[in-house]
Amino acid sequence: MQMLTDASENCCLFTTGSANQLKTGPIYCFINQTQYYIELIIPLHMAFLLVSAYLLLTHTQGAPVENGALLETLKSQVGLFSNKSEHYSAQVRPPGTSRRIPQTIIIGVRKGGTRALLEMLDIHPNIVVAATEVHFFDWDENYVKGIDWYRSLMPFSYGNQITIEKTPGYFTSPQAPERIHDMNSSIKLLLILRDPTERVISDYTQVYYNRVESHKPVQLFEDIVIKNGALNTKYKAIQRSLYDVHMEKWLKHFSLDQIHIVDGNTLIKDPLPELQKVERFLNLPSRIMSSNFYFNQTKGFYCIRSDGRERCLHESKGRPHPLVNNTVLEQLYSYFKEHNAKFYRMVNHSFDWH
Ligand code: A3P
């Protein structure tokens, strides 16, 4: 209902629903203004009171879990934000939030499924994630910028939320373990690993597409991996798959119970159980549900359903791999066998790798 006043006639003109009605005289004015107050002003007052109560709650209680959930509900109802972390990374600070140094870091491994893990954890109302790979602990030019620079790249979060950043390069970086330990010696780390041979092929595939996109020459997988008839163990992608070598460096600074290993192969086939293990590791209530995932036949991977929308990972994740010569595959399997066995002993856990 809309109210207009017509001064010359000293009457009230109301337009309601389907028909326009013109009524004149003080009685009609009184009746219609009362109606106007009931229909418009009272709901406005109520909305104002509700918003004030919500703001008061977020300021006074340091935003407990329910407030985060309430905010999520409000957001999805008003359709302001399509994704939790997009909102928390915004420049304007939501009341009761601040930027915090991560309490958890996904340290790698490159091509292990780090993006899938991060995006899937972002479903949890008590988790906020950094939108981009920060490369603070592995790139000297960033590390010298200091901890305040690092913090400034984190999303806004409530006191009850865990901030997570992921930089897959940390796992293979010689400096990252000590630098992270210096920042927070009791930090919880997440490491997602997959079959080392599959990881090498995935690594190759990513570089292959990057080179094609920038019009650079490309080589066959076999031509890079085999040099002079033997396995080219200097190939960086192979080096990155030596999980025991890298893990040894982390275990010099952190105890095993600070590092939770996510099985990247299982995360692809059946994400929920892996994510529930992470929830337990982070002491978070179980909030990620099977309804948060659906299998997308076209992509051939699980996609995410949350905040009232469905999304798959970027097209660069889950690309088809080249068909690799069987002899080369066998050479890779046998090269990694000893390293894998050593890694299983180190972490007291075995995986289903070749
Ligand atoms: P491929 O693209 O070689 O298949 P990262 O994010 O660390 O770069 O890892 C990328 C890998 O994540 C992909 O490698 C893919 O196999 C894996 N992955 C796991 N779950 C996925 C999902 N739901 N959608 C797309 N890729 C997923």
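Any Cβ shown, glycine's included, is placed from N, Cα and C.
The structure displayed is predicted, hence computed values, not measured ones.
Taken from TrEMBL, the feature transmembrane segment applies to 36-57. The domain 'Sulfotransferase' feature in TrEMBL is assigned to 102-340. Feature annotation from TrEMBL assigns 3'-phosphoadenylyl sulfate binding site to Lys111, Gly112, Gly113, Thr114, Arg115, Arg194, Ser202, Tyr302, Lys317, Gly318, Arg319, Pro320, His321. Marked as active site, for sulfotransferase activity by TrEMBL: Lys111. Summarising the annotation, TrEMBL assigns disulfide bond to Cys303-Cys312.
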Query - Binding residues Lys111, Gly112, Gly113, Thr114, Arg115, Arg194, Ser202, Tyr302, Lys317, Gly318, Arg319, Pro320, His321 (3'-phosphoadenylyl sulfate) - maximum C-alpha distance in whole Å - result: 18
Report summary line: Counting every protein chain shown, other Cβ atoms within 10 Å of the Cβ of Arg115 (3'-phosphoadenylyl sulfate binding site) number 18
Requested in this report: Return the residue, from the listed binding-site residues Lys111, Lys317, Arg319, His321, with the maximum count of other C-beta atoms within 10 angstroms of its C-beta.
Outcome: Lys111
Query raised in the report: How far is it from Gly113 (3'-phosphoadenylyl sulfate binding site) to Cys303 (disulfide bond), counting Cα to Cα, in Å?
Result: 13
Requested in this report: Sorry to bug you, but what's the C-alpha spacing from Cys303 (disulfide bond) to Arg115 (3'-phosphoadenylyl sulfate binding site), rounded to the closest Å?
Outcome: 12
Requested in this report: Might you list, by sequence position, any residue in that chain lying six or more from Ser202 (3'-phosphoadenylyl sulfate binding site) with a Cβ less than 8 Å away from its Cβ?
Outcome: Lys111, Arg194, His321
**Report entry** Segment-level pLDDT (mean, integer) for the domain 'Sulfotransferase' (102-340)
**Finding:** 98
Report task. Might you list, by sequence position, any residue in that chain lying six or more from Cys312 (disulfide bond) with a Cβ less than 8 Å away from its Cβ? Result -> Asn296, Lys299, Phe301, Cys303, Ile304
Report task. Provide the three-state secondary structure of Ser202 (3'-phosphoadenylyl sulfate binding site) computed with DSSP. Result -> helix
Query raised in the report: What does DSSP assign Arg115 (3'-phosphoadenylyl sulfate binding site), in three states?
Result: helix
